[in-house]
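Structure record follows, encoded as structure tokens.
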Amino acid sequence: MPAQKDRWVSPLLFLLFCASSISRSGSTGLQQEPSPQHYFSGLEAGKASLAFFTHSVSPGAQPFLEQVESSVEALQDYGISVVKVNCPKEDVSRYCGKENALRKAFLFRGNRLIREFPTDALFDVNSIVANVLFALLFNEVKYVETLADLENIENVLKGKSNMVFAYVPATGTAEHRAVMEAAFVYGTIHQFVLTTEAALLKATSHDDPDVSSAWLLFCHCQRATDPGQPCRRTALAQPLTLLNIHRHLKLMGAPLVTEVAEDPEKISTVHLQLGLPLVFILSQKETYEADRRTAEFVAWQLLGKAGVALLSRDLVALNVLHRSNIALKTPDEGMPIQYLVLEDTDEVITLVEDKNKVKQIQEDEQEEEEDEDEKENNNQDIQDDQVVEAVSRDKKRELPLEQILVLTEENFHSSLSEVARTVVLFYASWEAVSLAVLRSYSEVAAQLKGAPGVLLSRVNCWDWPGLCSQENVTQFPTMKIYKEGQQSVTYDGMWGTEELSSFILLSRVSCPLRLATVDEAEGYLRGEFPSELSSHHHTSLLGVFSTATSAAREAFEEAGNILSGHVRMGMYFEDDAMALSRKYSVSPPALLLARSGGRSVEGIALSKHSVQDMVQMIRYELLDIFPEITVSNLPQYLQLGKPFLILFSAGDISQVESKEMLKLAEGRPQQAFVACWLNLKTTPVGHGILRTYFSTTPSLPVLLWVNIHAGGQVFKFPSEQSITQINVLSWLEKLQAGLEIPSSTLSEEDWKPPLPAYDFLQMMEPSVPELSSHTSPRPGDTAAQHPPKSPGGDTAGGDSAIREEPSQESTAEEVGSPGRDLRGTAPRLAARDKQGKRHGEL
């Protein structure tokens, strides 16, 4: 690797040498000038110099002078001389006569002043080089503050050149210097854009980037020939250093896909030279166009991680298996090229990201049965359950379970008593959904590592059926939280990492949380209290009650018990509750709903005091006014039983469309329908929805009226009309009057699985307690008894997200343990093998 690293370091050093030869002063150190007159008379047109004017007896300038002297060599590499100008005592000119001038450094190009720098802004070599280059390249490196400014620059560059967009938390840092030095070398090739605005960085990413770190994105605007086509962005995955930026720009400048027609052993690309692998897509004449599209797709996914080449079998005689479709060449000298058989592009990407994948694939190929009858049986056993298929594909990947305590019948009760709060995941080691959830659970354990007062643990119900029976676990996976002296709470929400982590964190705080003072109540609404939830961004709900509203308060407390772990609820019922509620134009009993960290507080009167009504009201009020529909939140809005006015978009909707749709949602008819939107970029299942509605996907954005609950009619808003509140309301009136013809009508058939659920209970011994899969309710059970679940979905019925369970003592008395004698015996293992063979019947 050192030799390979030298291969790509050398070109950068050559570029810097060329940059330094532009115009270097003959002096290699800090130049001294006896007077300002002498300095200005020696300035040459077009040459830059950084000057510092000081009296020779000024001790306060000494620290700054030390840093300036350290930066002389770095600045001279870019043709910038550094000069210390001595000011005679009698000199009262502009640069010597004023005290504040003596505390500044001045950047000149020729005899023209470019920029003044306070000396405290030039605190080290990085800040000096970064700020000086930023000033000299001010017209070449654009500084932006808003997303609109960035998009305007992108629009100008589309079809012409590419853009390098950099974010640094502050100017004058080492990362800022690296960006400026790269701009000095590559500024004539790419347009450099800089920002220090954290909000802008977040607006350019669908993830939640760490704004405390520097980021660099290469924007492929030259490929965006259509003005409406966005510029693809590729982030630099390494720390922001000059060498890493140079490496990244070299990779971005390389061909997306290289077509080769010779022995792969003889091929060398920039990726191999920079220490990255090269993936060959093996192609043939009959499938060239499809293989080319596949290669381009894979190349975009692996951009910056590996190179992609299209290798024609017709032009190169390869002594490999005909069914091999992928070859991998690593930069390691002496390593042979690996020829593999992969099923899809995801495996190609995993192949590059996981170095152990090659060995694993080769082992799998060696173990593959050659018998044709066995192949036929395997073909009949194709998995139709996506969760099972994903788990099967990753079955050899070990999960990091070190942070999760393994519980057994021997240590279960003693472990619960050691900490105030214990989270227990009950699962079956052979069941697909359990293994998928266990992966999310391990990620939660890594996030909550070191969190005080919380213990994450697991129980394998296949090994300890008696323990699971005692804890009233009738389906798996099941997650419970045990609190000292309280009944256990069962989680019944989504199985994603974020949802599980949020539930555990919110469960650490009482629900509702009793607040003692007005200051605590106000801090709670701002998201600052309690401190353990200050970093957890949730809508805050505060119930305000007077002494005369005890019935409403008790119902609110019971509602909090039901919603614990899912809602952030507080309660205030002190003597000055009336004053607090009137501040928000309501009277007790009332709810105060604080969104966006307390910047918007809404007062809502509590007219119904039953627990069920209060739970329903709280859930409804927590829904967004104009939500983005996703797979996870769709059930919540379907439960409202209202038609959908939904805007499908290929990305984020424009500010104009958002404003007009928000008017519709907040307006008079909003109770009659759900105004929402769906981003096909982040929720690609929307493509399938549109294909169900129309024979071909319509041009986007498209506004639809979908009445799923009555008739299933789908109406399409006229594409020639702009989406405004007036136009949409006029169109809705025509719908109500029956003057519009539906674009399509949805089938009235129920959505059912393609095959009946498999009864896992038949696989288990009679002595094993009846444990059913989350995805496989027992025949005869109703939906209310066993709501269908999935790792990415919620209950079909949308019932309470948690439920109270009987105490450990009561269940232990009612249900006897069947013992452990069958754990790991041959009948069980045989049943497990049998289940694995027939799992395709799901």
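Backbone N, Cα and C define each Cβ position, glycine as well.
Automatic prediction, not curation, is the source of TrEMBL annotations.
What TrEMBL records for 363-375 is compositional bias 'Acidic residues'.
Under the heading compositional bias 'Basic and acidic residues', TrEMBL lists 830-842.
Confidence for the domain 'TXNDC16 N-terminal' (32-133), expressed as mean pLDDT, is 81. Feature annotation from TrEMBL assigns domain 'TXNDC16 N-terminal' to 32-133.
Residues annotated as domain 'TXNDC16 second thioredoxin-like' in TrEMBL: 134-255.
Sequence annotations record features per position, and here TrEMBL assigns domain 'Thioredoxin' to 404-504.
Here TrEMBL flags 1-27 as signal peptide.
In the domain 'Thioredoxin' (404-504), helix, strand and coil residues by DSSP number 35 helix, 27 strand, 39 coil. Taken through DSSP, the domain 'TXNDC16 N-terminal' (32-133) splits into 39 helix, 29 strand, 34 coil. For the domain 'TXNDC16 second thioredoxin-like' (134-255), the number of residues in each DSSP class (helix H, G, I; strand E, B; coil) is 45 helix, 23 strand, 54 coil.
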